[in-house]
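What Swiss-Prot records for this protein:
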- ARG17: site 'Transition state stabilizer' (SITE)
- LYS30: site 'Transition state stabilizer' (SITE)
- ARG164: site 'Positions MEP for the nucleophilic attack' (SITE)
- LYS220: site 'Positions MEP for the nucleophilic attack' (SITE)
Amino acid sequence: MPSHYYLIIPASGVGVRMHPEKDGLNEQPKQYLKLDNGLTILDQTLKTLLSINQIKSCVIAIKNKDHLFAKSAFNNHPKLLTIVTGGKERMYSVLNALKALIDFAKDDDWVLVHDSVRPCVKASEIINLMKQLKHHATGGLLATKVVDTIKQADNNIINTTIDRSNLWQAQTPQMYRFSVLLKALNTAIKDGINITDETSAIEHLGLESILVKSSKSNIKVTNPEDLILANFYLNQHQK
C-alpha cells in the first residue's frame, strides 16, 4: 500500500521580530498579516500546500485563545483534519500535531512540516521533494546553498570566516516518516535537546536527512522587509 502524505503547520508564534516595539505581545501575529493579494500569510501558505493532490490531510497548531483562525478561508477545508493547541516552542507544537495523527497515519507515512510564514513556497518544489524522497527510509528537507560569505564573530568582532562550500540554508517543508519523526521529537525532548527544526531532532537520533535544492523565493517572513519581498515573489509566481 502506498504511503500517505500528511501536513503539519505550526502556527502559534507571535512574531517578536515583526513587532519589536511591542515585544510581539500586543500586535497581530505575523501569520495573520495581509498580503497584497488579500490573503493572510497563513492562508496563502495553506492555499499552496492544500492544493497538492498528494497531501491527504492537515493538522494546524495554533496558540491557545487564538480567535483569528476561525476567520480563515481554510477553517472548514475538507483536508483540515483537526486543530491542536501549540506548545511553548515549535517542537512541542509539532509533537502535539503528530499525536493528533496517531490514529490516522501509518508508521511509514510521510509528514511534511511547513512554517506558517513561508507563503512563497512553490507546489512544484514540494512535489519534487516528495519525488526525491519517495524511497528514502527517513526523509529530508528543502534547502538552498549558502552563497554569502559567512563570518563567525564574538561581540561583533570577527573570529573567522567559515568555509561555505558545504553550507546549506534549511527551509521547509521538512518531510519525514511519521514514526521516525515522532520518535525523534520525543527523544529530543526527553534528552533536553533544544531543537529549532525537525531535522535537528533527526540529527540527534543519528539518522540521515537528504537535502533537496529549493529556490531562494521560499523565504520565511520574519521582519517587516520580508513582507515586501514575499509580495514581490508571489507577484512573480503569477507571471
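Including glycine, each Cβ sits where the backbone N, Cα and C put it.
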DSSP three-state assignment for LYS220 (site 'Positions MEP for the nucleophilic attack'): coil
In the chain carrying LYS220 (site 'Positions MEP for the nucleophilic attack'), residues 6 or more apart in sequence that have Cβ under 8 angstroms from it: ASP115, VAL117, ARG118, GLN171, ASP226
Fewest-neighbour residue among recorded sites, criterion Cβ within 10 Å, set LYS30, ARG164: ARG164
Distance, ARG164 (site 'Positions MEP for the nucleophilic attack') to LYS30 (site 'Transition state stabilizer') (CA atoms, angstrom): 31
